[in-house]
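I have placed the structure first, in the form of structure tokens, so that the comments after it can refer back to it.
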Amino acid sequence: MELATTGKVNEVLFMNRGEGESSYAQNSSFTQQVASMATLALENAVETLFSKDFHLQALNATDLGCAAGPNTFAVISTIKRMMEKKCRELNCQTLELQVYLNDLFGNDFNTLFKGLSSEVIGNKCEEVPCYVMGVPGSFHGRLFPRNSLHLVHSSYSVHWLTQAPKGLTNREGLALNKGKIYISKTSPPIVREAYLSQFHEDFTMFLNARSQEVVPNGCMVLILRGRQSSDPSDMQSCFTWELLAIAIAELVSQGLIDEDKLDTFNIPCYFPSLEEVKDIVERDGSFTIDHMEGFELDSLQMQENDKWVRGENFTKVVRAFTEPIISNQFGHEIMDKLYDKFTHIVVSDLEAKLPKTTSIILVLSKIDG
């Protein structure tokens with residue numbers, strides 16, 4: 001199945017389900033580390049909402065692309081804690097919190113809600129009662145009524161595309177990104193242009209939908225994978241996909257995967273630069289940028305000395321968020337071989353040190369009027 005349409009991507013884009021060794025629930029420590037870097041931004045966003053004359057009785061918040069790991073629980077806890085702090089300061093008596101957890105229909109909502117505990121949401125007798133609902137669907141379209149949201153949070157989700165970029169075959173139907181699954185140094189310029197164009201289209205749709213749902217002066221805190229370089233083929237931004245493509249190509253050479261399946265597969269994901277994100281937000285015109293920054297984190301658990309353990313841990317993280325979409329293209333039966341090959345490639349690259357991962361924090365306010 002080629003990922004050429006939004007419907008097909010929506011069917012296979014989700015994190016590994018359950019709570020097993022390869023599940024996202026057990027391998028989300030890196031995204032948890034990323035999200036923790038944005039905790040202050042989220043706290044400030046809640047503080048800002050209370051400084052505006054909303055006359056709040058209930059704060060409506062959503063976590064878009066919440067997946068099924070513990071990270072979304074930390075988001076709920078942070079919002080609730082800040083609301084309780086403001087309630088004590090302002091002597092509020094009736095404030096409530098409504099949180100909507102959103103992801104695509106294939107998301108493991110069962111594991112997600114099984115993990116919700118009284119420690120996360122508290123009880124209804126507390127000073128800020130918390131109510132949680134699931135909202136399945138694509139955040140590239142409308143999910144909520146007009147002017148219904150005060151706060152939008154999303155971590156490591158907005159960089160996923162609605163489909164593989166259009167125009168990656170020539171007039172004869174031959175692949176233009178042969179042997180690769182993302183932008184690389186050998187990709188022709190049209191591949192880079194197609195990826196940026198698709199991200200521009202999708203992020204604009206995201207902003208347009210939120211502009212209708214978020215109340216005037218409401219806030220959005222977005223964390224997405226990005227890059228520091230202006231070059232989208234820079235190894236810092238594409239090394240995961242580059243190493244996966246090498247692993248897939250080795251299985252092609254062994255006759256375990258058809259070469260055509262590799263040549264026709266392009267991952268529906270784009271890691272933008274800060275300048276590209278800023279340009280799209282300003283062109284859309286619905287939100288002002290209150291804060292934007294990029295930061296780097298080690299891609300591996302550097303405290304682990306054994307390079308094989310580090311390589312295996314990195315593979316588990318990558319497998320947790322790539323296996324559903326990769327197995328859809330290449331087959332479930334070769335996944336163990338593929339990720340074992342990936343581990344060997346990662347370990348061999350450790351000698352040259354894998355690049356750090358760049359993330360972007362973006363805080364937006366809905367323009368009033």
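Placed from the backbone N, Cα and C atoms, the Cβ positions cover glycine too.
Swiss-Prot lists Y24, C66, N71, D103, L104, S138, F139 with the feature S-adenosyl-L-homocysteine binding site, giving similarity to another entry as the kind of evidence. Among the features that Swiss-Prot reports, caffeine binding site is placed at T31, Y156, H159, W160, R225, F321. What Swiss-Prot lists as Mg(2+) binding site is N177, D263, F265, N266, and the listing cites similarity to another entry. As annotated by Swiss-Prot, site 'Involved in substrate discrimination' applies to H153, R225, C269, V317, H332, with the evidence given as similarity to another entry.
For the binding-site residues C66, N71, F139, a Cα-Cα cutoff of 10 angstroms around Y156 (caffeine binding site) retains C66.
When the alpha carbons of T31 (caffeine binding site) and N71 (S-adenosyl-L-homocysteine binding site) are compared, the span between them is 8 angstrom. The record gives T31, Y156, H159, W160, R225, F321 for caffeine. Within 8 Å of the mean position of their Cβ atoms, the other Cβ atoms in that chain belong to G65, S155, S157, L224, C269. For the recorded site, C269 (site 'Involved in substrate discrimination'), the DSSP three-state label reads strand. Cβ contacts within 10 Å of D103 (S-adenosyl-L-homocysteine binding site), excluding its own Cβ and spanning all protein chains shown: 26. Looking at C66 (S-adenosyl-L-homocysteine binding site) and H159 (caffeine binding site), their Cα atoms lie 14 Å from each other. Listed in sequence order, the residues A164, L168, A175, K178, G179, K180, I181, L262, T264 complete the 8 Å Cβ shell around the Mg(2+) site centroid, once N177, D263, F265, N266 themselves are left out. In the three-state DSSP scheme, L104 (S-adenosyl-L-homocysteine binding site) is classed as coil.
In three-state terms derived from DSSP, R225 (caffeine binding site) belongs to an extended strand segment.
Taking Cβ-Cβ distances under 8 Å and a sequence gap of 6 or more within the same chain, the neighbours of H153 (site 'Involved in substrate discrimination') are L42, A61, T62, D63, L64, V75, I79, M220, V221, L222. For the recorded positions D103, F265, C269, a Cα-Cα cutoff of 10 angstroms around W160 (caffeine binding site) retains C269.
Of all the binding-site residues given, namely S138, N266, the one with the smallest number of surrounding CB atoms inside 10 A is S138. If you draw a 10 Å sphere around the CB of F321 (caffeine binding site), it holds 23 other CB atoms from the protein chains shown. In sequence order, L168, S184, S187, P188, V191, D263, N266 are the residues near N177 (Mg(2+) binding site), counting only same-chain partners six or more apart with C-beta under 8 A.
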